[in-house]
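What follows is a short report on a single structure.
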């Protein structure tokens with residue numbers, strides 16, 4: 001409809017049919033089923049991402065208080081406080097917490113949207129794109145925190161097999177994350193392309 005509106009004479013946009021309805025009104029009435037289907041899909045997608053992002057938020061929040069290696073009984077400070085890998089764990093954990101929390105808020109904003117026709121033209125697609133990007137960042141930072149935690153746990157123990165264990169765990173965790181990234185990045189690309197595409201070029 002936006003593509004057609006961009007090429008027709010402005011007078012035609014205000015013209016009325018025999019029922020006294022303008023073109024936009026006729027278009028919206030004839031696409032109510034499509035609008036409802038888009039609303040259901042958007043709500044279902046947002047609900048799924050909220051569930052997973054909330055799970056990531058819960059796990060990483062708990063990990064912030066159960067740090068690997070525990071605390072020194074005398075000082076109460078983390079045992080691996082002076083280790084660089086421990087700082088990487090803390091940074092990755094905090095990033096995952098804040099990003100996943102932001103992701104949840106973005107998708108809550110989507111769920112509470114009015115779902116008007118024009119919302120699907122710009123606002124909802126960009127909210128969905130931002131939410132998915134935040135979700136992917138939370139997953140990646142969670143994997144970094146997991147790798148750092150395993151490195152600290154295995155530090156000084158089983159030194160001969162430490163590299164093998166870390167590599168194996170990184171492979172097990174990396175494969176599904178890579179698959180997720182590839183699928184979601186393609187989804188994001190299509191969404192961005194359809195959102196910023198000039199509607200006139202599609203007719």
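Counting begins at 1 with the first residue displayed.
Glycine residues also receive a Cβ, built from the backbone N, Cα and C atoms like all the rest.
Caution: TrEMBL annotation is automatic and unverified by curators.
Over in TrEMBL, the protein carries these features:
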type     : residues : note
DOMAIN   : 40-151   : domain 'PGG'
TRANSMEM : 46-65    : transmembrane segment
TRANSMEM : 85-108   : transmembrane segment
TRANSMEM : 128-153  : transmembrane segment
TRANSMEM : 165-189  : transmembrane segment
Query - Considering the transmembrane segment (128-153), which listed stretch of 46-65, 85-108, 165-189 counts the most C-beta pairs under 8 Å - result: 85-108
**Report entry** For the transmembrane segment (85-108), distant same-chain residues with Cβ under 8 A (at least six beyond the ends)
**Finding:** 46-47, 49-50, 53-54, 56-57, 60-61, 63-64, 67-69, 78, 127, 130-131, 134-135, 137-138, 141-142, 144-145, 148-149, 151-152, 155
**Report entry** Three-state composition of the domain 'PGG' (40-151), taking helix and strand from DSSP
**Finding:** 87 helix, 2 strand, 23 coil
**Report entry** Local confidence of the domain 'PGG' (40-151) - pLDDT mean
**Finding:** 88
